[in-house]
Number of protein chains: 8
Amino acid sequence: MGAPVAIVMGSQSDWPTMTKAAAVLEELGVQYDARIVSAHRTPDRLHSFGKGAADEGFKVIIAGAGGAAHLPGMIAALTHLPVLGVPVQSKALSGMDSLLSIVQMPAGVPTGTLAIGDAGATNAGIFAASILALEDEALAERLKAFRQAQTDKVAEKPVDNP
Amino acid sequence: MGAPVAIVMGSQSDWPTMTKAAAVLEELGVQYDARIVSAHRTPDRLHSFGKGAADEGFKVIIAGAGGAAHLPGMIAALTHLPVLGVPVQSKALSGMDSLLSIVQMPAGVPTGTLAIGDAGATNAGIFAASILALEDEALAERLKAFRQAQTDKVAEKPVDNP
Amino acid sequence: MGAPVAIVMGSQSDWPTMTKAAAVLEELGVQYDARIVSAHRTPDRLHSFGKGAADEGFKVIIAGAGGAAHLPGMIAALTHLPVLGVPVQSKALSGMDSLLSIVQMPAGVPTGTLAIGDAGATNAGIFAASILALEDEALAERLKAFRQAQTDKVAEKPVDNP
Amino acid sequence: MGAPVAIVMGSQSDWPTMTKAAAVLEELGVQYDARIVSAHRTPDRLHSFGKGAADEGFKVIIAGAGGAAHLPGMIAALTHLPVLGVPVQSKALSGMDSLLSIVQMPAGVPTGTLAIGDAGATNAGIFAASILALEDEALAERLKAFRQAQTDKVAEKPVDNP
Amino acid sequence: MGAPVAIVMGSQSDWPTMTKAAAVLEELGVQYDARIVSAHRTPDRLHSFGKGAADEGFKVIIAGAGGAAHLPGMIAALTHLPVLGVPVQSKALSGMDSLLSIVQMPAGVPTGTLAIGDAGATNAGIFAASILALEDEALAERLKAFRQAQTDKVAEKPVDNP
Amino acid sequence: MGAPVAIVMGSQSDWPTMTKAAAVLEELGVQYDARIVSAHRTPDRLHSFGKGAADEGFKVIIAGAGGAAHLPGMIAALTHLPVLGVPVQSKALSGMDSLLSIVQMPAGVPTGTLAIGDAGATNAGIFAASILALEDEALAERLKAFRQAQTDKVAEKPVDNP
Amino acid sequence: MGAPVAIVMGSQSDWPTMTKAAAVLEELGVQYDARIVSAHRTPDRLHSFGKGAADEGFKVIIAGAGGAAHLPGMIAALTHLPVLGVPVQSKALSGMDSLLSIVQMPAGVPTGTLAIGDAGATNAGIFAASILALEDEALAERLKAFRQAQTDKVAEKPVDNP
Amino acid sequence: MGAPVAIVMGSQSDWPTMTKAAAVLEELGVQYDARIVSAHRTPDRLHSFGKGAADEGFKVIIAGAGGAAHLPGMIAALTHLPVLGVPVQSKALSGMDSLLSIVQMPAGVPTGTLAIGDAGATNAGIFAASILALEDEALAERLKAFRQAQTDKVAEKPVDNP
């Protein structure tokens, strides 16, 4: 069976951000398939990807895009699977355009939106894992261990030259 | 032959805004076809509308939407016709989300964006007419007359109870 | 067994918004438990709710709050379950403060954020259902039917007096 | 006969942005005439340019400016030709001032506004071509080929070192 | 000789705001001439007004406009007289568009910008008077008295039902 | 007895900012204890720190965080001590998210918020000292001397190469 | 001896907001003195108030103002006492101008800023009490009881018609 | 007699911006006096400067400040002379805080505000000259020549390597 998570992005230039989602999924032992699907330059690919995502075996879709970021919302329009949106930081408006384009969806077609940029991509990976962990006890344990390790790594006191 | 201008909108609730585009086109003697095409609720209708717009005989498309307003940009992705975007004023963010979702398109797929709300809808109609007038001398004359009348209506002095 | 979805909100005053999440869950046949958990006025309740949410049997948590909206992020800090955040529209800043307070989480602790206000609450309900539907075929069918009905209700043409 | 597209800008410093419009017009085989017309420093030049643009043979005008960007709107006030506005990215406010100054035109005098910065300039060129292509079959074919090539260039998968 | 202050505005609809400038000038005994000069609908009137303002005997120009507010800056481009700009509160963006369109002028052509809306209009009147008072001792005394009266009217303590 | 001021921050990465609070407290002769308390990664530490802060002998708490900055408000929810919030400058949104997340607290649970970034951290230290100085005459004198020295250091005239 | 808290505001029109600070101080049994001190219309009153505040016996100053809100920062410049700033909601910009004008103080002169509007005024009162409670055991007990009562009042479940 | 223009700024760090005002005044042959007057660190200097400005012989005051920029408005509160405000670009918020703190003055006490940063400083100098030129024919001629030279310097066409 195929990977349960699709990581799609509007352009090769989004990969340095979206690779953070891939990295955390690898760390959590979750398989993913990373693809470029441009809402604007490859609308047919978008249409067939969105329509076929469930049949491909995907359970969660992570979609990242910047500026007038239509990818997450358009995929959400084409599938009933949960779609997570990552606003990629844009040049002029620092991702505020990306954020609003992704999060302000009308009632009926949701995207679950994460933070702008790298943190959002990492968190999209963790969020996808938290969904899959609902029916995967081993993943749930790995996720809890990941979260605990993260907690344990927080030092008690700040230092001047870390 | 069909109407040269399509006025499409994401929802019935956008019509009070988009009717302003219709009104000015009527005033200028330009035929239009008004339709609801929801990028999010009717993605198939969007796909077929965008792909078929040129074959339907449309020359200019006016698309209005609010919030995470994906309609203008997605139509622009599906046709090489000029697409004019009207950011409908949204409830929470007053149309700033609509504006950024429409105007901040990536290089390669343009939308010509007008002002937020009624003024933008009116202007989309005028802009569409200005495009069609390039090859329609009679329309060009009507457009010039419309503009001249608009100029002539500006009073010299403000009055307290207009 | 208990309801799979918790709808928590910072205050009674958030209920007119969050009731939209409840309504759509009812429509989709998903049980929920609605509670007031104020991050600021009842921090102990927050702490015990977050820590115990998984043991209570919840699978997805929908949290709504306005202004300096800390509830979704703090619950996300206390559980590994997926947490959906709804930015309630605030008085002075129209929910922009709520949105940024919820969505801009640091890497490691995600919230899946929906739109500001009613649309976001409705969509949180749909998103929660889309998660649960991954392992509930009957719910998946109801969700698809809900989405299809939503599509079918979109008229072809706008009308002046709907 | 002269070039069908005028590219005007408020200052020499806008050229690194506006040259993107020129480049794509060249790629599409559309002739253009690039000029500096400062609304603020050369208002007479603005006035005569706007009034004479149609008589010069221009069909579409692309105008770029930054900050309190009055050039596109003022040209639109002086001609009935379609005017495309490009908000040049400004130093302090990253082009948000340019965008609002260009797009928020009152009912009656439209500018079709593109994205802030380079992407907007490129798209202004494409949009101008899409207008001219309405009555120029060969250009329409070149435009479709350009769009298709753009689609074809989108890789299926992201790579780490592109 | 004519009035030393011109109050110009883009539209009759700006008069409820700009009348505040007129009122305070009347209170200070400064003559003014109020006119509608639309940058976008009457660009010729704008051009001749700006070019002829000094010859008409005006010493200070107060210009109010909303949205893509080009009037103050374009008048400033056409005259060396001091031009005061009043950002009229706009519908969708509450005057933030008006403010940025007026204040963010490029080096070389200044507008002195006042607050958004009524307060800004009142203050434009006071500012104009402060300029004229530099060479009009009687006006300077009236201005000082006006300011003193304003100070004297500030109660020591707030009251519940003023 | 312990230090009267706690400086807490969400992450080691906030220390370059928060060290400015430490520096000014040292200059004013006020003892402090600097700790990392992550609202999101160490919610238990947060809970016990907030609940125990008064018993530890702290009188004022300075809390710095960035992005969805929940630390100051959550500590304020857990203690009746005065809590000062420092919005750390964030990457994408320059601290506007941090500021709104900290300052927009609901009625009932206050944070006293300082400026974004270094200036805010310095000022949090001064503000904490001004609170403690209410009952510490010697500190009050040191604070007045600090303020006087700051005043004395302001040169009369700017110089080109300071 | 006089009241320990001064509530000052720029105008009578700020009282409906600032009365919330007064109300909570009364509830907590803290005396206050409410005054109008306009930074702009009564700069001498401002100067003497700020300079004399400590000698009048005030320990904490709550200052509310809207728009270009200079009152809190200017009082902070004139006294070493802790100054709490309340951004009053303004008409055009909803208090975003008030907030930035109050909170963005330069290093050296702090204001502790609360939320925009009524919530901020209430919280300024609570914050002032939390400062005074550091050396007033009875007030500390009243403050804790106030906070506990606030916690106790939070219902477990939302109701449709509260 | 003394210089007719005062250039005041809140800090030595504002001089690189405000020197642009000085430069253009020198170019126009207008004398000025540049001083540091910190509203927050030297409130007494501010008070005596503002009150004495007219008696010192100043006719126009240019005041630049950043962040919570209170200097222009507070000087305007202390004198009936025209005060021009220059919002210095701030670190976190790029001068948006400076702009709103300066421009949003309440009715009764105006500041004439220029653009953020260098352009605003240059324009403050030109605006000051335009005021003084009302009663100084020679200066009016120099100002017109300056403006004409500025116009003449605008090239007809952009070049790739200027």
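Don't overthink the numbers, they just go from 1 along the chain as shown.
Any Cβ shown, glycine's included, is placed from N, Cα and C.
The Cβ of E:Arg41 (substrate binding site) lies under 8 Å from the Cβ of no residue that sits 6+ residues away along the same chain. As annotated by TrEMBL, substrate binding site applies to E:Ser11, E:Asp14, E:Arg41.
According to TrEMBL, the domain 'PurE' annotation covers E:3-154.
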Largest separation between Cα atoms (Å) of residues that the record links to substrate, namely E:Ser11, E:Asp14, E:Arg41: 14
For E:Asp14 (substrate binding site): DSSP state (helix, strand, coil): helix
For E:Ser11 (substrate binding site): intrachain residues, at least 6 apart, with Cβ closer than 8 Å: E:Ile36, E:Ser38, E:Ala65
Integer average pLDDT (0 to 100) for the domain 'PurE' (E:3-154): 98
Protein Cβ atoms within 10 Å of E:Asp14 (substrate binding site), excluding its own: 24
